[in-house]
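J.: Next up is a structure, given as structure tokens.
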Amino acid sequence: MVRGLPSAASLARFCQKLNRLKPLEESTMETSLRRCLSTLDLTLLGVGGMVGSGLYVLTGTVAKEMAGPAVLLSFAVAAVASLLSALCYAEFGARLPRTGSAYLFTYVSMGELWAFLIGWNVLLEYLIGGAAVARAWSGYLDSMFNHRIHNFTQAHIGTWQVPLLAHYPDFLAAGIILLASTFISCGARVSSWLNHTFSVVSLVLIIFIIILGFILARPHNWSAEEGGFAPFGFSGIMAGTATCFYAFVGFDVIAASSEEARNPKQAVPIAISISLSLAAGAYILVSTVLTLMVPWHSLNPDSALADAFYRRGYSWAGFIVAAGSICAMNTVLLSSLFSLPRIVYAMAVDGLFFQVFARVHPRTQVPLAGIVVFGGLMSLLALLLDLEALVQFLSIGTLLAYSFVATSILVLRFQKAPPASSPGPASPGSRVKEYHSFSDHIQLVGTEQASAPEPGQLRPALRPYLGFLGRFSRGAAVAWALGILVASAITLACVLAFGDSALHLPYWGYILLLLLSSVAFLLSLLVLGAHKQQRLQDTFQIPMVPLTPALSILLNVSLMLKLSYLTWLRFSIWLLIGLTVYFGYGIWHSKENQREPPELTATRYVVFPSTSLEEVVQPVQPSTQVPAQEPSPTEQPTSP
């Protein structure tokens with residue numbers, strides 16, 4: 001071997017580190033955080049994260065530029081699409097009542113490297129999202145005072161003409177972030193009470209808008225003389241759906257807060273379902289009354305609701321709507337600042353991020369260091385950066401997280417549940433194998449010989465008809481089907497997103513590729529559906545698996561491909577920075593390093609199938625190394 005090049009064994013161990021999994025500890029409720037949030041608290045957190053600036057800005061933009069009065073259909077379709085991802089989060093949040101959200105869900109099913117990258121992207125999502133909301137909050141408040149704040153800042157500081165920087169520093173946006181961070185640092189109960197106040201005000205205002213809006217409604221605004229109900233046709237409705245989808249991304253704050261819920265197994269699924277339903281109803285009804293009050297083509301995209309009341313002669317109502325929109329933006333800002341330090345805390349506790357962020361304040365029981373550092377960073381972004389060009393950057397990280405969570409649902413559903421009891425003594429000269437990667441978890445199913453089918457094994461009723469799947473080692477068919485499902489979903493999404501012209505294919509080639517990818521997607525679904533799934537009696541599980549998470553993956557990938565090339569370039573740069581942090585710090589300080597037995601570096605394991613319910617692994621020593629000592633009959637190997 002050439003001196004200086006790593007050996008094959010070293011590369012194998014390095015790849016194993018990248019794919020190692022966090023142990024699935026479903027039953028633990030111990031936490032250094034305070035479990036004080038009820039179902040109502042979680043529900044209002046979710047409503048606050050979803051019903052914010054999008055209600056007051058997005059409805060007018062989509063109605064005027066994309067869908068017309070059919071914007072209500074765009075919101076309805078987007079709500080159904082969001083429900084697919086929300087159900088995946090609900091199952092994981094109930095099954096793993098720990099903070100971390102998509103990061104944790106990926107860690108227990110896909111591997112450490114993927115989990116770190118998902119957590120890294122979620123951090124950026126909350127940072128830019130919170131800063132953007134703060135600047136929108138500042139703009140609304142400034143407009144209520146006839147732009148006096150903006151004029152004062154420009155007169156005394158001046159304007160800048162620097163790329164990526166705002167034209168002037170927004171001290172008001174930076175100040176509201178620092179103020180909100182102060183309330184968040186006082187504890188979960190204080191921030192929850194504050195979120196309750198703003199959420200109730202926002203919901204009361206929505207009811208006011210709906211009632212007064214229906215009183216002022218003019219059905220003539222949906223007539224053919226004004227362009228009709230769907231002036232942009234079906235394509236306009238679907239284009240509006242892609243934009244409206246991002247109005248519902250705030251539900252993940254509920255999963256991120258599950259470690260502080262009193263009864264997460266029941267509270268998390270209920271809170272996600274209720275909050276998504278309330279948000280969908282609010283968006284659909286408000287967009288309905290908006291397009292009935294004034295013609296859709298005359299809407300003001302920047303402040304559609306307030307402007308609609310002003311134009312109908314109800315100036316006082318327009319002022320109330322403008323003031324209420326500030327309350328709604330406060331709830332979104334609080335949700336971002338509430339979730340962000342908890343994601344950082346979860347990564348730091350696992351050793352993948354700097355340990356200072358794993359410390360919890362003894363009195364308030366919140367990750368104070370994360371709140372101070374990232375709250376200050378968010379404030380700096382709102383102060384200096386021009387966030388309009390970066391808002392689209394939020395979408396790609398969110399959609400990627402949704403895709404990984406849906407894939408994680410499929411992985412865990414066809415994986416054997418971890419044993420509830422501790423293992424007994426091993427027989428002399430044998431070791432019970434521990435499983436660390438996704439492929440190992442799938443192989444676990446195939447090495448057990450039992451009369452009753454385990455998760456991941458072919459259903460007994462289908463064995464006479466699908467006997468060819470028995471030629472594979474048990475579990476291999478599931479792994480192959482899952483890989484083909486993801487690959488075919490990406491291919492199908494590319495075909496649907498780009499069409500034959502962008503792909504430079506002849507028409508027959510485009511149709512052939514569309515059919516092949518569709519058939520592969522459906523066949524992989526059928527193969528997965530033919531295998532037994534893991535069923536938990538006392539925990540919420542989403543229905544229609546594997547169809548529901550598969551559709552979620554297809555939808556999320558399709559929306560990701562709608563984003564611009566510049567967004568993908570910025571995303572790649574951010575990923576490279578994250579990889580630098582992981583390989584420079586995370587991989588060496590991961591808590592999973594402590595689970596690896598030292599003999600793994602000098603012992604390779606040969607697997608022999610056994611007729612028992614366990615798989616016996618015999619250690620075989622390489623000829624170039626000193627033979628390892630055989631374990632005694634009572635010795636148990638350290639769990640990696």
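Here the Cβ of each residue, glycine as well, is placed from N, Cα and C on the backbone.
Note that TrEMBL annotation is computational and uncurated.
Note that the structure is predicted; figures quoted are calculated from it, not measured.
Pulled the feature table from TrEMBL, pasting it below:
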- 39-58: transmembrane segment (TRANSMEM)
- 70-90: transmembrane segment (TRANSMEM)
- 197-217: transmembrane segment (TRANSMEM)
- 229-255: transmembrane segment (TRANSMEM)
- 267-296: transmembrane segment (TRANSMEM)
- 316-345: transmembrane segment (TRANSMEM)
- 366-385: transmembrane segment (TRANSMEM)
- 391-412: transmembrane segment (TRANSMEM)
- 477-499: transmembrane segment (TRANSMEM)
- 505-528: transmembrane segment (TRANSMEM)
- 540-561: transmembrane segment (TRANSMEM)
- 540-590: domain 'Cationic amino acid transporter C-terminal' (DOMAIN)
- 567-588: transmembrane segment (TRANSMEM)
- 616-640: region 'Disordered' (REGION)
- 616-629: compositional bias 'Low complexity' (COMPBIAS)
- 631-640: compositional bias 'Polar residues' (COMPBIAS)
J.: Going along the chain, which residues at least six beyond the ends of the transmembrane segment (391-412) come within the CB cut-off of under 8 Å?
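T.: Residues packing against the transmembrane segment (391-412) from afar: 24, 84-85, 88-89, 91-92, 95, 101-102, 105-106, 108-110, 114, 118, 121-122, 124-125, 128-129, 132, 246, 249, 252, 438, 441, 482, 485-486, 528, 534, 542, 545-546, 549-550, 552-553, 556-557, 559-560, 563-564, 567-568, 570-571.
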J.: For the transmembrane segment (316-345) against the transmembrane segment (505-528), do we get 3 or more Cβ-Cβ pairs below 8 Å once near-sequence pairs (under 6 apart) are dropped?
T.: no
J.: What are the helix, strand and coil residue counts for the domain 'Cationic amino acid transporter C-terminal' (540-590) according to DSSP?
T.: 40 helix, 0 strand, 11 coil
J.: Of the listed stretches 39-58, 70-90, 229-255, 267-296, 505-528, which one has the most C-beta pairs under 8 A with the transmembrane segment (197-217)?
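T.: Ranked by Cβ pairs under 8 Å, first place goes to 267-296.
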